[in-house]
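Undergrad: Sending over a structure as structure tokens; questions will come in a sec.
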């Protein structure tokens, strides 16, 4: 009873941080849409506005949805593990599809306009993020959702999966900031230093992106907010420890 009460007290602030992260994430998406709508003419596929599909899709997919996918195990702390894993995987699928649309949009736009591809730091980081994101999903599916993976393999790979998930998310936020700065320099040039309204709004968007990434990372790194082991998971964990370290479950 005492351990449950202690767990409840330590996780009491978690819903507020999660709610704050969602407020930030939705504000990021809304601000991106406002920037593109007010200063870049809006969004369309078969026109000069096709490029604008790219930043909106990348922010929704690789920043907002990816961040939410990472938070699934903090939000659904007591639900069945398999249900939580499926939701985690599905959010990553939606993020991947939306990001793929954004990637196709920018390459198609460059082809139509005759612009060069993959020459900037932003584009290099973007391709790296996309490839790592897809590889992370494939490996995660193979280890944690595909029925053939053993518990020992899952246990050994889990720390790497958690680390690379957070690293790819932070790299996504950084790449979005690079792209935002690149877009401002292309469009505003020397006027950027004159506090143009578009530049001010875009700077606010950059701060919101950084804040969203920081809050998500903070939630993920709080040890007392990690999903507690359920009875079945704890039994499997003890069996694995017994096999690998020679301990008996009763010795703990």
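All residue numbers here begin at 1 and follow the chain in the order shown.
Just so you know, glycine gets a Cβ as well, placed from its N, Cα and C.
These came from TrEMBL, pasted as-is:
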TRANSMEM  12-38  transmembrane segment
DOMAIN    20-221  domain 'Cytochrome b561'
TRANSMEM  58-76  transmembrane segment
TRANSMEM  88-107  transmembrane segment
TRANSMEM  127-149  transmembrane segment
TRANSMEM  161-180  transmembrane segment
TRANSMEM  200-220  transmembrane segment
Undergrad: Using a Cβ cut-off under 8 Å, which residues of the same chain at least 6 positions beyond either end of the transmembrane segment (12-38) come close to it?
TA: 52, 55-56, 59-60, 63-64, 67-68, 71, 74-75, 198, 201-202, 204-205, 208-209, 211-212, 215-216, 218-219, 222, 225
Undergrad: Rank 58-76, 88-107, 127-149, 161-180 by Cβ pairs under 8 Å to the transmembrane segment (200-220) and hand me the top one.
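TA: Top-ranked stretch among 58-76, 88-107, 127-149, 161-180: 161-180.
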Undergrad: If we skip the immediate neighbours and take only residues 6+ beyond the ends of the transmembrane segment (161-180), which ones have a Cβ under 8 Å from one of its Cβ atoms?
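TA: Hits for the transmembrane segment (161-180): 55, 58-59, 62-63, 66-67, 70, 121-122, 125-126, 128-129, 132-133, 136, 139-140, 143-144, 202, 205-206, 209-210, 212-213, 216-217, 220.
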Undergrad: Give residue numbers and ranges for long-range contacts of the transmembrane segment (127-149): same chain, 6 or more residues beyond its ends, CB-CB under 8 A.
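TA: Residues packing against the transmembrane segment (127-149) from afar: 62, 66, 85-86, 89, 92-93, 95-96, 99, 103, 118, 157, 161, 164-165, 168, 171-172, 175.
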